[in-house]
């Protein structure tokens with residue numbers, strides 16, 4: 001049992017391998033997430049390898065703890081060779097340690113990504129030699145069908161127990177080396193039961209697949225529907241993205257995306273967020289295209305297309321999927337070594353030996369009831385068929401496969417679940433029993449093995465979907481709904497929703513040139529007047545596994561002029577209902593629901609404004625009290641938004657300098673399949689000390705927060721402009737062409753702001769995680785150590801599961817920006833005096849001016865007090881004033897910079913004029929010389 005002193009150790013001590021949890025020693029870290037770390041461990045006596053998932057309880061809110069306990073309860077009841085088993089669960093005062101099966105080949109996403117390097121790994125060398133991957137394609141079809149059979153076996157088992165996984169994706173499909181390779185290895189792997197590491201489908205010579213991560217799984221009978229938004233966006237079913245009621249068929253969509261990625265090497269739909277993802281799915285209209293380089297059979301393509309249907313009614317049913325020809329038939333193209341040499345009697349099929357009261361798998365599929373043809377049974381038969389076994393009493397924890405009692409015992413260690421005490425969460429002190437949010441299935445109440453309901457008919461499903469198109473849900477149920485987006489149980493943050501909602505609305509209505517084009521008045525409900533919440537770096541955001549590369553900047557022109565992917569034709573507001581439910585949960589009020597048009601566009605568009613909370617009128621839009629024409633108001637709005645976007649881009653570029661020092665490259669994933677052991681991994685941050693990482697993280701974080709603040713102000717102004725435009729308050733004397741130009745101009749900036757906002761939000765979360773981890777590694781007496789934190793912090797947003805971020809006193813974005821502007825101005829002044837690199841001087845002066853304007857920028861116009869750091873703006877202004885020596889304030893500094901910029905531009909103009917005169921004189925001289933050499937025509941004397 002882990003004591004309190006073990007739980008309070010830092011992550012650095014965890015990596016040392018000196019800790020122990022129960023009967024297991026903790027080794028090196030093999031995985032990491034926002035709330036948990038995964039370590040390689042060994043049993044103290046048997047030396048069998050395990051995976052230890054250590055979850056820090058302080059980082060979890062109530063809902064996340066319920067998800068964790070739900071995962072534990074589900075894993076306690078599941079025993080299947082193709083589902084990752086839970087060996088033990090040990091809870092201390094600050095951590096929950098899940099002892100799970102160790103899958104040393106990593107997950108399927110890494111397997112697909114490194115498919116060209118599989119020949120270099122000992123565990124996959126033979127497979128890559130027999131079934132190589134084609135260039136510009138995915139895995140070999142034999143490997144695809146092998147994994148499909150094993151995944152189908154796991155899903156069929158879950159289906160028999162009325163479970164829906166809800167997060168099937170390559171990252172949750174873990175791989176073990178093949179059984180022959182494991183038998184040759186000296187390092188054993190702990191097995192949950194005597195046959196948990198023996199596959200029951202597929203080929204014995206290929207890696208073994210196991211389904212993992214049941215944090216989003218729940219009991220869902222075949223007649224029930226769920227409405228929780230959870231899972232991973234790239235693999236979410238469209239009905240989940242639309243926030244509609246869904247059933248277990250959502251897992252079949254995810255299976256289709258996994259099959260497509262295995263076949264092509266990439267997901268079928270790629271997007272930055274779930275709104276764009278749903279837009280692409282709807283635009284495809286169920287037309288799934290495969291690259292020409294992909295060489296798979298038409299049967300496999302047809303199966304993938306039948307799974308990737310937008311409508312659950314049209315999607316392949318579970319019964320048809322389990323009995324599909326691709327799943328049950330012989331795998332084509334096998335090498336001679338992988339073809340079974342003999343066929344066993346159907347009565348000896350071990351898959352009919354389930355020892356639980358739940359519906360057996362043998363009664364659910366014709367391929368398991370003895371009606372298989374010899375060709376179908378050739379490959380679908382389990383590798384266990386060569387090991388006949390007798391029935392054995394299973395444990396109460398779940399179903400067990402029977403095995404011959406006199407079979408030799410394997411050398412690997414056995415799970416604690418094999419003992420008579422069963423699996424429970426061991427606590428250091430006596431506490432009340434925990435309550436899992438997922439109701440446990442009463443297996444004893446199941447009468448007979450044929451209890452499983454047949455699949456609902458097409459007519460019944462259509463009738464049910466119509467009845468539930470607008471189901472009555474109480475306010476309490478809405479408030480309790482999850483809004484989770486990645487595998488780390490991420491809650492959608494309020495400002496994140498607002499920014500994307502407004503950008504989608506503008507993109508969808510870009511052609512709205514005049515308010516008169518709108519048909520009918522806009523029905524508005526009451527919404528709270530106020531500013532959005534703070535957008536800080538302490539926000540839980542989806543962690544991206546991809547490299548966050550940024551393009552170098554050679555100029556200080558408006559970077560939002562780049563090409564944007566805003567398509568008015570295909571733009572749609574996919575999560576309108578999700579926005580309403582999230583607003584009720586996160587904001588405290590509800591935005592108006594959407595009214596579906598008679599044609600029923602899917603998804604419906606947002607209404608004109610109330611989706612985005614009304615901000616107070618910003619300073620940039622206030623005039624002198626006189627009536628201003630619509631053209632002037634639109635122009636001022638566009639100019640103000642562009643200025644804020646440009647200032648935020650300057651601050652973002654400064655933050656990127658810090659970020660690239662912290663994250664020079666994306667996390668390398670070459671080690672697991674590159675032939676290296678986890679113990680051989682080196683720390684990629686050895687080039688920076690812990691103090692340097694803390695300093696860089698703090699500076700990058702406050703700069704990212706400042707950039708987010710400017711971007712949020714730009715969206716506030718765009719929101720106010722759009723609300724007036726939608727109500728028809730402006731544009732009375734504006735031509736249609738001019739109005740369209742202004743709308744397109746502002747829409748382009750808004751789309752750029754949305755893209756940059758999401759990017760900065762993601763990077764700020766990465767920096768925040770690095771900062772908190774680095775602070776834990778500091779000495780205990782260091783001022784920045786968590787035990788010595790003061791009150792200066794960036795407060796986390798309401799409802800965020802993350803802790804506060806503590807900053808060193810005196811760190812502020814304004815001070816950093818002022819120092820940077822001063823440094824750039826001095827360097828530019830030296831070049832100006834020497835008349836060197838005047839173009840660089842201009843860029844430096846422009847950047848310095850915009851940074852100073854960002855320093856002067858305040859949040860008074862937006863009405864958002866929470867957008868300020870807890871240290872206060874006044875203290876930061878005083879710090880800037882102290883740096884300048886009290887001689888000039890920030891306004892005077894900006895004025896001086898503008899004067900210097902004007903002087904530089906004047907010099908550049910003079911140099912350009914002098915160069916043009918020199919070129920003109922040179923061209924005239926060349927023309928005269930060439931004229932002397934040109935033959936002249938002889939005058940004609942014919943007339944004389």
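A Cβ is built for glycine as well, from the same backbone N, Cα and C atoms used for every other residue.
Some features that Swiss-Prot has for this protein:
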type	residues	note
ACT_SITE	167	active site, proton acceptor
BINDING	30, 31, 32, 33, 34, 35, 36, 37, 38, 53	ATP binding site
COMPBIAS	356-367	compositional bias 'Low complexity'
COMPBIAS	447-459	compositional bias 'Polar residues'
COMPBIAS	516-549	compositional bias 'Polar residues'
COMPBIAS	563-572	compositional bias 'Low complexity'
COMPBIAS	785-801	compositional bias 'Polar residues'
COMPBIAS	865-881	compositional bias 'Basic and acidic residues'
DOMAIN	24-327	domain 'Protein kinase'
REGION	344-423	region 'Disordered'
REGION	443-475	region 'Disordered'
REGION	512-572	region 'Disordered'
REGION	777-801	region 'Disordered'
REGION	860-895	region 'Disordered'
REGION	924-930	region 'Required for Cvt trafficking'
REGION	925-944	region 'Disordered'
MOTIF	428-431	motif 'LIR'
* To do: Whole-number Å only: compute the distance from the Cα of residue 167 (active site, proton acceptor) to the Cα of residue 30 (ATP binding site).
  => 21
* Once the DSSP letters are reduced so that anything not helix or strand counts as coil, what is residue 32 (ATP binding site)? -> strand
* Local confidence of the motif 'LIR' (428-431) - pLDDT mean -> 41
* **Densest Cβ neighbourhood among 30, 38, 167 (recorded positions), 10 Å radius** => 167
* **Conformational class of residue 167 (active site, proton acceptor) under the three-state DSSP mapping** => coil
